[in-house]
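**Student:** Handing you this structure, nothing more for now.
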């Protein structure tokens, strides 16, 4: 029986076991997906000796995605471009890895807001932390002419923009309001609006009527930003879909079956969020 896990610190709140457990049951596969907390001071040694840990592969979450990437014998193009890996597997005892965050983000948009990238001109990304890398990469892959990157610390946005090239334009937080006027899609990658954090307060009235607003946060499922966007009549994309879609390639790699992100899976995770009081802000 294949055994895989989610590796990070902490991982107690990870819903990945629920996601993969759903697919294992759905397809009648004898497999196990567990949580494995790896202390930061043990991470480098853990991934360096991954073949000895008893796992066929797994997912990596914060704060270990970069450490895991550095331990890889081979990495897929997305992982190489971003310098982080979130999906691992073994081939002949060698550790291989991929980054499925960017494809997961795009798949979520494709399913939830079809045609969102039909005429890709300007996208606005809020935040220059770890989550923003996959989002920036995704927008560039879909051919956006310009991706505005806003961060409270401008130097951080500038450093990230330098990594991705001239189509990514760093702006200060005070430039967000003006940028909303030209953005076709807005993606929040900050923790603002997350449970226990202050809301992301933006004036969405200046957005075009066909604009799409996305959030990588899924606790709460409907962030204040998404709630405001819905009230404005805009199409919205929550962060739960990204979590579900990014999980597909790993499951296919480990178990040989490409699973579907269906209503039953989403309902399962939403029910878990509801049980923990995490649906609303």
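In case you wondered, yes, glycine gets a Cβ from its N, Cα and C as well.
Here the structure is a predicted model, which means the values were calculated and not measured.
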**Student:** Quick check: of 61, 190, 236, which does Swiss-Prot put in the same shikimate site as 14, 15, 16, 86, 101, 218?
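**Tutor:** My reading of Swiss-Prot gives 61 as the candidate in that site.
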**Student:** Figure out which of 97, 239, 241 sits with 127, 128, 129, 130, 131, 151, 152, 153, 154, 155, 156, 216 in the NADP(+) site per Swiss-Prot.
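**Tutor:** As annotated by Swiss-Prot, 127, 128, 129, 130, 131, 151, 152, 153, 154, 155, 156, 216 share the NADP(+) site with 239, chosen from 97, 239, 241.
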**Student:** Assuming the binding residues for NADP(+) are exactly those in the record, 127, 128, 129, 130, 131, 151, 152, 153, 154, 155, 156, 216, 239, what is the maximum CA-CA distance in angstrom, rounded?
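**Tutor:** Between the outermost Cα atoms of 127, 128, 129, 130, 131, 151, 152, 153, 154, 155, 156, 216, 239, the distance is 26 Å.
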**Student:** Quick check: with 14, 15, 16, 61, 86, 101, 218 left out, which same-chain residues have Cβ atoms within 8 Å of the centroid of the shikimate site Cβ atoms?
**Tutor:** 6, 59, 243, 246, 247
**Student:** Which one of the binding-site residues (131, 154) has its C-beta surrounded by the most other C-beta atoms within 10 angstroms?
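**Tutor:** By the 10 Å Cβ neighbour count, 131 comes out on top.
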